[in-house]
Amino acid sequence: EWPQTGRLALYLLGLRATCPPPDPSSQRSLVTWLKHHLEEDWAGSRRHGHPLTSYYQYSLGVLALCVHRKRVREEVIRRLLEAEHHHKFRHAGGSAVDTEAVTVLAFTCLERERLVRSRLVAELRSARRRVRRRMVEEQHPDGFFGNVYSTPWAMQVFIASNMCQMQTVYGQAMAALLKNLDAFTTTATMAQVLPVLHGRSYLDITSMRCQEEPDTLTPISPEPLPEMLGTMMVQLVVECPLPGCPQHRLYDQLVPAPAGASLLDVLRAAAAQEPHNFTFDIQETPQGPFLISVLGLEAQQQKRNYWQLLTDPSTSLQMGVAEYRPRDGDTIILRLSKW
């Protein structure tokens, strides 16, 4: 089985944030498992020079351990330092904002909690400065760092370094977020954006005083989306430019769907229409449904490929299949890509 580094790290972060009961025995077991997954994550793919899962999950594991004030081996930290220095976080989409941001948060936490030797501190600070500089230089005109989902991670970097008030880019990113809050519809994505809206980062979890935390959590019922009448037409294209694919363009059809339907609804409509030659599979994740197979071609983590969602000609979608809502006349491209 593949290491569950990222999932376990997110669980431990959430557990710490919810102020668990004083008995630490169950947490110790989870922390031990996370340390084990970190080692398995790297050792399982040592010959490739990168974690078995991804640098994002690997960094998330280091961050979770630090928030719980647990030391990690210096070799683990140096793997991330080397990856950042040699720009190994980049993937086919061209952006690595979320991975870089999680790594910098981990570095900041390690220094702040004094969990690293003094000779490493200068290297961690240099890496943090490089990443922050790249984020400022590469901010999009719309205010986002990377995309709508990676932007809260980047903003946490500025918050954790006490630089958010000094950076105009932070204000631009906040304005962009406030205009696109409807993109954060799952528990996992809400957990990324809520701390930022309150001027906090995940590092604030470390210093929480649980005895002073009021129990103010109350369930809410989301308002239903307004019903839209009519039908829209979406051009659905499937591309496979990778070696071993039978041809570059595998599917190109006009698909009718109800106006206001999600991309997932469009895929279902394509699968239902004659001659039933379109197929796809999804996997449920904490971030919502994830497209894992189209026309029988699976996105495989061990091959480091994924189904990239784009609008014509090559603009990556800012949302997942369940959140994105195409408009009438749009062309949607599903492209099997490397990361």
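Keep in mind that glycine also has a Cβ here, set from the backbone N, Cα and C atoms.
Worth saying up front: this structure is predicted, and the values here are computed from it rather than measured.
Annotation source TrEMBL lists cyanocob(III)alamin binding site at Thr53, Ser54, Tyr55, Tyr56, Gln57, Asp98, Asn147, Gln192, Trp307, Gln308, Leu309, Leu317, Trp339. The disulfide bond feature in TrEMBL is assigned to Cys66-Cys109. For 260-337, the entry in TrEMBL reads domain 'Transcobalamin-like C-terminal'.
Least crowded of the binding-site residues (Thr53, Gln57, Asn147), judged by neighbouring Cβ atoms within 10 Å of its own Cβ: Asn147. Comment: cyanocob(III)alamin site residues Thr53, Ser54, Tyr55, Tyr56, Gln57, Asp98, Asn147, Gln192, Trp307, Gln308, Leu309, Leu317, Trp339; largest CA to CA distance 23 Å, whole number. A sphere of 10 angstroms centred on the C-beta of Cys66 (disulfide bond) encloses 25 other C-beta atoms.
Within the model, the domain 'Transcobalamin-like C-terminal' (260-337) carries an average pLDDT of 87.
Ranked by CA distance from Cys66 (disulfide bond), the binding-site residues Thr53, Tyr55, Trp339 have Tyr55 at the top as the closest.
Ranking the binding-site residues Gln57, Asn147, Leu309 by the distance of their Cα atoms from the Cα of Cys109 (disulfide bond) places Gln57 first. For the recorded positions shown (Cys109, Leu309), fewest C-beta neighbours within 10 angstroms: Leu309.
For the binding-site residues given as Tyr55, Trp307, Trp339, the lowest number of other CB atoms within 10 Å of the residue's CB is seen at Trp339.
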